[in-house]
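S.K.: Take this structure, written in structure tokens, and hold onto it; I'll ask about it next.
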Amino acid sequence: MNIEILSIAKKERSIYDPLCKELSKMISRFAKIEDIELFNKDVTKAHTISPEASREAYSKLFAPHVVKSFNVILHPDGKLIDSYEFSKLLDGKIAVKFFIGGAYGFEDEFLKKGDSIISLGNITMSHKIAKVVLLEQIYRGFSILSNHPYHK
């Protein structure tokens with residue numbers, strides 16, 4: 001299985017990088033995983049214009065990546081699911097892509113392209129923390145599917 005985590009983010013070092021690296025290593029026993037951070041001058045410019053312009057810039061940046069996979073969009077208004085339901089998102093898939101939006105979320109048109117729209121909870125968190133939570137849930141999901149004791 002191939003997993004891609006795509007996020008709107010500047011490529012910069014973070015205190016969360018070692019944890020993301022460790023979780024990715026744990027996941028690599030089950031699947032190939034790739035972390036893709038996207039950001040360009042159009043996003044920078046859009047941030048100075050309006051939230052709507054920002055959402056449009058995010059959609060354009062993500063658009064080429066919404067192909068040939070099961071696309072999961074993380075969104076505050078998405079479905080709240082538990083770890084067992086999350087594991088079903090991974091079960092039997094060849095490729096799964098997770099999309100973490102920027103500060104202004106997603107355009108409605110982009111949300112329609114998702115195969116599943118989920119929420120990590122009702123609290124607001126930075127995309128860096130959302131990525132850590134997502135990675136942990138991916139590992140937990142594979143642990144559930146393979147009856148690994150990590151989940152207990």
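We number each residue from 1, going along the chain as drawn.
Glycine too: its Cβ is placed from the backbone N, Cα and C atoms.
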S.K.: Among LEU61, LEU74, LEU89, LEU145, which residue shares the S-adenosyl-L-methionine site with GLY101, LEU120, GLY121, ASN122, ILE123, THR124, MET125 according to Swiss-Prot?
M.R.: LEU74
S.K.: Within its own chain, what residues at least 6 apart in sequence put their Cβ under 8 Å from the Cβ of THR124 (S-adenosyl-L-methionine binding site), listed in sequence order?
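M.R.: Listed in sequence order: PRO76.
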S.K.: Using the residues the record lists for S-adenosyl-L-methionine (LEU74, GLY101, LEU120, GLY121, ASN122, ILE123, THR124, MET125), what whole-number Å value is the largest Cα to Cα distance?
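M.R.: Taking every pair of listed residues, the largest Cα separation comes to 16 Å.
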S.K.: Where's the emptiest Cβ shell within 10 Å among the binding-site residues LEU120, ILE123?
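M.R.: Least crowded of the binding-site residues LEU120, ILE123, by Cβ count within 10 Å, is ILE123.
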S.K.: Starting from the Cβ of GLY121 (S-adenosyl-L-methionine binding site), draw a 10 Å sphere and report how many other Cβ atoms land inside it.
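M.R.: Result for GLY121 (S-adenosyl-L-methionine binding site): 10 neighbouring Cβ atoms inside 10 Å.
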S.K.: Let me check the 10 A CB neighbour count of ASN122 (S-adenosyl-L-methionine binding site). How many other CB atoms are there?
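M.R.: Around ASN122 (S-adenosyl-L-methionine binding site), other Cβ atoms within 10 Å: 7.
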